[in-house]
Amino acid sequence: MPLLWLRGFLLASCWIIVRSSPTPGSEGHSAAPDCPSCALATLPKDVPNSQPEMVEAVKKHILNMLHLKKRPDVTQPVPKAALLNAIRKLHVGKVGENGYVEIEDDIGRRAEMNELMEQTSEIITFAESGTARKTLHFEISQEGSDLSVVERAEIWLFLKVPKANRTRSKVTIRLFQQQKHLQGSLDAGEEAEEVGLKGEKSEMLISEKVVDARKSTWHIFPVSSCIQRLLDQGKSSLDIRIACEQCQETGASLVLLGKKKRKEEEGEGKKRDGEGGAGGDEEKEQSHRPFLMLQARQSEDHPHRRRRRGLECDGKVNICCKKQFYVSFKDIGWNDWIIAPSGYHANYCEGECPSHIAGTSGSSLSFHSTVINHYRMRGHSPFANLKSCCVPTKLRPMSMLYYDDGQNIIKKDIQNMIVEECGCS
């Protein structure tokens with residue numbers, strides 16, 4: 001009984017929300033200042049004289065977002081030379097060779113970087129000893145199982161050099177990937193060596209570096225293409241052989257594993273005579289243990305990608321999509337007070353939202369929309385007659401450089417100005 005009462009309460013609450021929310025088109029064109037995408041979608045597109053109406057809707061929206069009642073009256077514009085000089089000095093824009101100003105859209109670039117960072121995972125894997133001497137084994141974490149695009153991959157090795165080394169200043173360190181069989185063709189410019197190991201394995205040179213042998217320090221070896229091949233083959237294990245022919249001559253040595261770990265694997269349970277005070281050295285060597293640093297992300301077409309890209313209207317689809325619409329400030333006579341950019345991408349959303357599209361992952365606007373659609377599809381009152389709408393699901397900011405009524409140059413960053421993607425509410 002309490003469950004039925006709770007269900008009835010939720011339905012009543014949702015009914016109140018729906019009744020109190022304005023329906024599309026109930027306010028005529030008054031929605032233009034706050035939602036240009038909604039206003040443009042309601043205007044007729046197939047009427048020859050509809051273009052001016054769409055431009056007027058865009059004008060009202062821009063003025064509203066800049067908190068202006070009307071366009072500034074620029075009676076005596078600042079001389080072009082003075083304007084360009086001020087822009088260069090203040091670093092608010094970039095002046096091209098043709099004299100046009102390109103505004104530096106910092107917020108847009110920052111938003112793109114933040115989105116990319118959110119989609120990128122960083123995994124650090126410490127080395128274990130390999131099956132043979134001077135070999136390392138890396139087992140990439142299961143966290144990376146869904147990652148298929150390598151942004152960066154590096155192996156970090158510590159070169160330990162004695163203080164008395166004076167014989168050689170440089171040594172060459174090479175990294176070879178060990179495989180049972182070389183699969184697929186090698187990328188252009190890569191070098192490969194096939195060396196028989198028990199008649200089964202082969203080796204491929206994946207990184208090489210000439211390093212300074214006069215001081216103890218970390219050295220970084222890029223292995224992005226190697227890890228990319230590994231992920232493409234659906235593998236997570238990497239076996240590496242380290243070669244440094246000149247290291248013995250200089251007395252330098254690569255710390256491939258800490259002493260404690262090496263002793264365990266070689267079965268040396270007892271300490272040798274004279275090693276009683278070596279605990280500090282062992283701990284220090286453990287801190288120099290090799291590791292693999294991997295930065296990777298999911299591919300664009302991954303089935304479990306966090307967010308699907310919205311559709312672009314191309315005339316071939318009639319479901320919810322983004323329609324491109326560009327307004328040039330020069331064409332509408334606004335380039336006298338708007339310095340940059342040269343126009344506005346007034347994209348809008350249009351198309352149908354059938355029941356199998358509305359409320360699905362990637363097209364749903366919110367959890368509330370999904371719940372409403374769940375009841376609507378099952379014919380539950382009061383949602384049976386409600387229809388899904390094609391609305392913006394992702395917007396991006398826009399920077400503008402313009403004159404105000406006092407001939408002052410203003411730079412303003414406006415949030416949620418350009419429609420990037422559309423979906424069904």
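Quick reminder: no glycine exception, Cβ is built from N, Cα and C everywhere.
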For Cys349, which disulfide partner does Swiss-Prot record out of Cys313, Cys389, Cys422, Cys424?
Cys422
Have a look at Swiss-Prot and say which candidate in Cys313, Cys389, Cys390 forms the disulphide with Cys320.
Cys390
At the Cα level, what's the spacing in Å between Cys422 (disulfide bond) and Cys353 (disulfide bond), rounded?
11
How would DSSP class Cys320 (disulfide bond) in three states?
coil
State which of the following disulfide-bonded residues has the fewest other Cβ atoms within 10 Å around its Cβ: Cys320, Cys349, Cys353, Cys422, Cys424.
Cys353
Judged by the number of other CB atoms within 10 angstroms, which among Cys321, Cys390 is the least packed of the disulfide-bonded residues?
Cys321
Name the one residue among Cys313, Cys320, Cys321, Cys349, Cys390 whose Cα is closest in three-dimensional space to that of Cys424 (disulfide bond); these are the disulfide-bonded residues.
Cys390
